[in-house]
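According to Swiss-Prot, the protein has these features:
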- 1-24: signal peptide (SIGNAL)
- 112: N-linked glycosylation site (CARBOHYD)
- 264-329: disulfide bond (DISULFID)
- 293-361: disulfide bond (DISULFID)
- 297-363: disulfide bond (DISULFID)
- 306: N-linked glycosylation site (CARBOHYD)
């Protein structure tokens, strides 16, 4: 009678319902989160603004009771229930000579996509290049950004990796702030064929503007760019197992508001992540009100209700034959939560989880 709950989610809530929150086996919860083991982040990663905003918007909607499709990222216009912010694991390359006519900055960009599970479908991959804060009062030269796919693994001591065909070329004023590029097709190819992921080759040139009358020093511009440049990859995926169409739950008998404590009703249960030692990798929330259902479902609760209801029929059969189990106290309404956390690759992840909070209970 509990088949409408995902197995792992139900196992998690059942253990909590039995009052064993501190002792329960950690792997059940970690597996439900899509993790093989408890993350041990090497360093604290700041939460990107876009992830923080999406999380806060969802929290506000849940507080006010506004219904939202949490498997659709409105802010980005794509379907998905897992948002990952992957830091660049590449490094700078140093050309032998810097001039206005040559490359100002070269960098190998590398993003580890191994955290994406097999069932997840990529719906967005957005490369972000932060070129430093915007400045309208201290404009610099125009920059030309070129991106190449790296064809072979970089060999230590090699001056530059072997770039393939250029697939992005864009001119931007500097300082510009953040510049974004759509890498969905590239990321899909990397995800399907991990051995092809040798990274990206980024080249930035300083364009000479003879008409501006301003004499820029390329060396100064390049040095400032090396200090300010930060690259990241925002990846959104959709897990079809967790983002299915809304299901009609099997009807359960609502429990009347009676004073008897033994009857089926919702019990409050707050899960504090600090108490469990998970605050080191779960950024937000600090905990959540999971709740659970517990209590008896005697025949007297069902006799006056619709006789076609399955719970009423089971209660009736139990009255005839005690060998048949009674109707049980189950969740009739559950709500999701969103979580911000870090994984073992120092990725910041925003993930939506269905059926984590028990809102109402009934006999079913």
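Placement of Cβ uses the backbone N, Cα and C atoms for every residue, glycine included.
Recorded features from Swiss-Prot, shown on the structure.
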residue : record                      : Cβ neighbours (10 Å)
112     : N-linked glycosylation site : 17
264     : disulfide bond              : 25
293     : disulfide bond              : 23
297     : disulfide bond              : 25
329     : disulfide bond              : 24
361     : disulfide bond              : 25
363     : disulfide bond              : 29
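In sequence order, the recorded positions near residue 293 (disulfide bond) (Cα within 10 Å of its Cα) are 264, 329, drawn from 112, 264, 329. You'll find the Cα of residue 264 (disulfide bond) roughly 6 Å from the Cα of residue 297 (disulfide bond).
Using a 10 Å Cα-Cα cut-off around residue 361 (disulfide bond), the recorded positions 112, 297, 329 reduce to 329. Separating the Cα atoms of residue 329 (disulfide bond) and residue 363 (disulfide bond) is a whole-number distance of 5 Å.
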